[in-house]
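Visitor: I am attaching a structure below and will ask some questions about it afterwards.
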Amino acid sequence: MNITGIIAEYNPMHNGHIHHLEKTKEICKSDVILCVMSGDFVQRGEPAIIDKWSRAYAALSSGVDLVIELPCVYSLSSAEFFAYGAVSLLNSLGSVSNICFGSEEGEMHDIYLISKILVDEPYEYKSILKDYLNQGFSFPKSRMHALEMYLNSSLSKVDHGLNHDILSSSNNILGVEYCKSLIKLKSNIKPYTIKREGNNYNDLELKTISSASAIRNALKSKKEISTLRYQVPKKTFDLISDNINSLCYKDYIFDYIKYKALTSKESLNKLPDVSEGIDNKIYNSLLKCSNMDSLMTLTKNKRYTYSRISRILTQYFIGFDCYNTESLRNSPCPYARILGFNEKGKYALKEFKKTSSIPLITKVNNYNFDALSLDINATKAYSLINKSVNPLDDYYRKIIIV
């Protein structure tokens, strides 16, 4: 059985995702498509616009055969930990043959070579990286500049025809991180990539293949929902229509964050991504702000990107400060939490029961993992801003079978 893994958020699922699924099946000759999907909070550091169960159903209705939840300790982390959590999960299942991801690059050669450099970390590259970090640049910017300088230097033995701009594009960065994780884990899973079609990741203009950002922006701007009819699969359109009064946005968590900070300021510095006094800057900014946008504007600087600050705030909302999340996200994913499957997915699960080195979780009350406890708390937190979600849904909701 040729099982292909994909890693996605489907926030929400759109035509570009359908293109990815179709091309993946064609390129990988897949018998089964397994999706590791972020839960109720996504890598941008925001609540998902629609809950994880509904998004899993849309995925299973649109070409995915099995959906497994990526624990939020990974989904609410940098690209490196996000990728490591998802790839380690796929690797531990024991029967996944390949993964396929979308990228702006569209070819594996350069992505894989750059991944190898970043895993090996040659001395010359590390020295340049340190210089940029010392100048106050964010890690992503420092790494991009350091890699470009390293590739241009006579010290580099790699192909000088490499695309040096790979690390300037969001999906390329994730692709590099997926490959880095495969290399570190000494995995036998083979990576494939397809060229991303349509809007760039952060583009806000609606097109035939629109980015998830553009779709969310249109919904938040209260545009007529009919404008999305041809931007998303029918199941997603129906899902959005049915949930139009319970869609979630990052602004909704602001008051909860502000109250928590005002009553327990010291807990901010217990978050895994907090350093260099950013917790004090966040606290002082909160005193002056009345919404998330103004808070982000006041807090962002050269070292701390918008996404990193957004993740810190959402981690705080969920309660990352109560767990040793730094240790959790540096460890391979310890379990596979099943959200839903179809007939093909059912056969894949039978295969995983023979080969997996981690438990396949269908009932959360049977297991005691810190990462799982954090996910249960994430659902409780999400229920505060999405009234269609019960805080105990992780215990009561049945696995989706289509």
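Backbone N, Cα and C define each Cβ position, glycine as well.
Annotation comment: Swiss-Prot describes 7-20, GLY102, ASN171, ARG196 as ATP binding site, evidence class sequence analysis.
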Visitor: Give the three-state DSSP assignment (helix, strand or coil) for MET13 (ATP binding site).
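Guide: DSSP call for MET13 (ATP binding site): coil, neither helix nor strand.
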Visitor: Using other CB atoms within 10 angstroms as the count, which residue among the binding-site residues ILE7, MET13 scores least?
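Guide: Minimum Cβ neighbour count within 10 Å, taken over the binding-site residues ILE7, MET13, occurs at ILE7.
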Visitor: What is the one among the binding-site residues TYR10, GLY16, ASN171 whose Cβ has the most other Cβ atoms less than or equal to 10 Å away?
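Guide: Ranked by Cβ atoms within 10 Å, first place goes to TYR10.
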